[in-house]
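Input: a single structure, listed below in C-alpha cells.
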Amino acid sequence: MTYSLRIADLPSNERPRERLIACGSQSLSTAELIAILLGTGQGKGKLSAVGLGQYILNQLSQYERDPLSILRNITVQELTQIHGIGTAKATTILAAIELGKRVFQSRPPELAVVESPQAAADALSQDLMWQTQEKFAVLLLDVKNRLLGTQVITIGTATETLAHPREIFGEVIRQGASRVIISHNHPSGNVEPSPEDINLTKQLLAGAQILDIPLLDHIIIGNGEHSSLRQITNLWEDYPQRG
C-alpha cells in the first residue's frame, strides 16, 4: 500500500473500509484502523489517512514502548502535537479508545454461567485488567457456577502479601457463595505464575477442602492476557475439590 496516495485513489481491495467489510476488522493493520477514524490525511500531495495513521505509530515508537500502550492513555494535547492531527481527529481517536476500553471491560450479566478461564477473566477484567497496582479479587459463584458478583479483596504491590486465606474465604462466606475463583493481576503484563502465586494457591486449595467451598481456578491477568493455574499446573490433582 502506498501511503502518499489518497484512499480514494487506491484500488478498492486496498481501501481500509472496503477491506474491513470484506475481510473483517481483525485483518486490518493498526495504521488502517486509525485511518478509518481519521477519515482524511494531511492534504493534497501529502500523507493519506493510512500514511498518517502509520506516521502516528512511528512518532509514538520513538518512546521505545509499544505504540498501542502509549495510545491507551494518550491525551488530546499529546496527539495534537503530531503534524496533521488537529482537535477533531484527536478527539475521534480518544473516543474510539475509550469505547474500546468500555467494551473490553464490560462485565457479563449477573447470574451468567462462568464455564471457562476466559469467561472468568472477562468478568474480572474491569477490576484487574490494565491496572498499575497489583490487586487480588474473587469471583463469587453459586452451586451451578452462576456469577453472583466480584469483589476486590486487597490492593498492594508485587512485594507485599496480597491476600490471606482468612480474608478471601471470609468474603466468600459473607456473600453466601458456594464456589469461588480467585484472581490477581500482574501490572508487568507477564501472566506466568510466580513461586509466591503457587504457594498461595496451595494454601487456598487446602483451605477450600477444609471449608468445603470448591476453589475452581486461580486466574492471573495481565495486559490483555490471562493464564489459568488450573490448566497449567497439577495443583488441582494434589488438592482435589468437590464437584
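Residue positions begin at 1 at the first shown residue.
Keep in mind that glycine also has a Cβ here, set from the backbone N, Cα and C atoms.
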Quick check: of Asp197, Asp212, which does Swiss-Prot put in the same Zn(2+) site as His184, His186?
Asp197
Near the motif 'JAMM motif' (184-197), which same-chain residues lie under 8 Å Cβ to Cβ, leaving out any that are not at least 6 residues past its ends?
128-129, 131-137, 158, 162-163, 218, 220-227, 229, 232-233
His184 (Zn(2+) binding site) CB neighbourhood, other CB atoms within 10 A:
23
Given a 10 Å Cβ-Cβ cut-off, pick out the one of the binding-site residues His186, Asp197 that has the most other Cβ atoms nearby.
His186
